[in-house]
Every structure is written in C-alpha cells, then in structure tokens.
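> Handing you this structure, nothing more for now.
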Amino acid sequence: MDFEEILAKCGNSSRYQFVLLALYGYLMVVVSMHYFSQNVISFVPDHWCYHEQLENRSFAEIEKIYSQFEKPSCTRLEKIDQDGQNHTLSTELCNRWIYKYDFGYKSMNSELNWVCDEAYKARVGQSLFFVGSVCGTLAFGLLGDRIGRIKALILANWCGFLGDFSTIFADSLTSFSISFLEYVSPSLRNVGLNTVLGSFYCLGLIGACWLAFWVGHWRIFLACSSVPLLLVTLFYFLVQESAQWLVTRNDVDGAIRRLKRVAKINRRQVADEDFKDFRSYCEQHYRKDNDREEHAKLLDMLKTPRMRSTAFKLLLIFIIIVPCYNTIARNVEGLGISPFIMFSLNALTLPPSGYLQGLLQDRMGRKATAVGWMETIEMYCCWWV
C-alpha cells in the first residue's frame, strides 16, 4: 500500500485538509506582504526641487512652474519671479525636495531622498533583495532535506521577519514549496490550491498597500507587516511533518504516527493491517535507495541527459516568468494614478487567474497551461508596448 492509498484511508479531502488550506492561505498573505514590502516602502511620490519661494504655493502651481523643464524633479532653480513665469536656473545640484505624498504616506525613498542622482540606491537595495532570495531558496531547500520541511519553513519566515524588522533602522544603503501539501487530495491540488493562492495572495497585496496608507510611514509599515511572519512558528504544532520525507530518513514509525494523527483529526478509523501494509511497502521501495539518496548532491541532477534537460527547462521557465511577473507587478508608478490604487487593481486579477489556471491544469495538464499562459502574457505585453 503506497502513500496515496494510505492517505485516502486516513482522509485526503476532510477536516485536516481544510485546515491546511486555511494555513496555506494565511501563509500566502504574509508571504505576499513580505515579498512586496520592499516595493511598497520604495514608492516615490511626485517631487520637485525645494525653493524657499515655493513654500506657500500649491502643488498645482509648483508642478506648472517645473513642467517646462526636461527633468522637473531634478532641476534646481536659483530665482523664481512672483508670477511664476520667469525663472533662473541654478548650477548646483538639488539636495532638498518638495514631496507630494500619496495619501500622506512617507516612503523610504522620500525620507532618505533617494531620488534623482541617488535613485540608484533603491535599485541596488531591491537587487540585493533578489540575491538574498536566490541564496535563501537554495539554503532553505537544502535545509528542508536535512531537518524537515516544517522546521525549514519556520526558519525561512523568521529570516524574513528579521530582514523586514532590521530594515526599520536603516538610514543608508549599507546599513520554498509548502511541504504539507502532500497531505491534500490530488483533486484539490490544482483548482483548490491555485484558488487559495490567488485569493489570499491578492489579500496580502491589497493589505500591504492599504496598511502602508493607514499607518502613513514606511518604518511603522515594516514593523506591522513583519510581525505576522512570526505566527508561522505555530505551524510546528498545527501541521504534520512530511510523512514521505520521514520515510526517506528511515523513520517509518514517525511517518505512521503522523498519518494516524491525520486520521484522528479527520475522524477516520484505519485498521492496523493497513499501516502494516504501508510499512512493508516503504521497507521494500525506499530503503534500498537510502544509501544512494544520503550521498546525493545538488550537481547529481546534471548526471543524466534527462535530468539535465529537465533542469534546463525549469531554469528557462523561471528566467522567462520571473522578470515578466516582477516587471508587470511592480510597474505601478508614473502611470498617472496613485501606486496604491494601481497595486490594488493589479492584485484583483489574481483570484480569477488562479482559479482559471487550476481549472486548465485539470483539463489540459501543467505543460500546456504553462506554455499557454506565457504566450498570452507575451501577446499582451507586445500589445501594451
């Protein structure tokens, strides 16, 4: 009796699975808030070089004065006539700005004046964020194979909390898959998980925007958005460790204990004979490969032509998808609309797209769905440009 068969007897579409979906939804909320927090704190409002003669003028008047220059945000004026028609340009660089805050929100870029010649600092910071994502994904992926999926997940979220919280004190530039999804019925893994992902990821994005609007300052926003990451620690008590991972660690008894807990939560009665059959299956199919798996290395995926081909295809897909997604999702400024509103409108497309993607995966398969979506996005981007 293999894992899918024993799981069906313990319940794969019952109470425990709905708890997992709820926890998965919560995780998507905090992950999306964390992932896009560095984007929210980097919003750059409309701004112009400061001049004492502009202090008592409205934003409309200031915008009109600077609109005649090629770079209105970075042009410094020496003298401004009372009627605002004649101006004298300054040869000095701008070192102070007038900001037109969106809904009164003060971002990191506006507080630290990372605009004009200093705008590169925010880009460097975002680039370092993605470098950390690459290193973290690799490190916690390998760690998950050694200490367990749940512990690695908790540690990853703790690192996210420490990163967000420590950024609060910055005043200069220098300053992994969800393991418990195996307990979910295959019928729920496409439509169910994609719908939950899209819906709760959407809530996280919208929540991040309007949390920033509500608190009004990027430091308070980071403090508020980082604390929910700590609650993922409770997953250690709520989610069963991966039974299949325990089997690969020669801990069949531990895997059976987890399955019995799942059956208890789902109020299922599973005979001891079924667990004995599962134990026999594990001893027959897993233990003979344990020595090879214990000495497996990351570079082993390049040993055979088939594995090299699979690794190359996965890498190519991610190289295509990640830049496209981040370019579209993060391009919310300079469109003539508040970035808060634009960010929220982008997020509203996620629930229907998540449901549709899961539905198409059931009908067409993952490969056809992935290629179809990429072609659709490509045509949309070409039309938009």
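Glycine residues also receive a Cβ, built from the backbone N, Cα and C atoms like all the rest.
Just so you know, TrEMBL annotations never went through curation; they're auto-generated.
So TrEMBL lists these for the protein:
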TRANSMEM  16-36  transmembrane segment
TRANSMEM  127-144  transmembrane segment
TRANSMEM  191-214  transmembrane segment
TRANSMEM  220-239  transmembrane segment
TRANSMEM  311-329  transmembrane segment
TRANSMEM  335-356  transmembrane segment
> Relative to the transmembrane segment (16-36), which of 220-239, 311-329, 335-356 accounts for the most Cβ pairs at distances under 8 Å?
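So the stretch in question is 220-239.
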> As a test: from 220-239, 311-329, 335-356, pick the stretch that has the greatest number of Cβ pairs under 8 Å with the transmembrane segment (191-214).
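Between the stretches 220-239, 311-329, 335-356, 335-356 has the largest tally.
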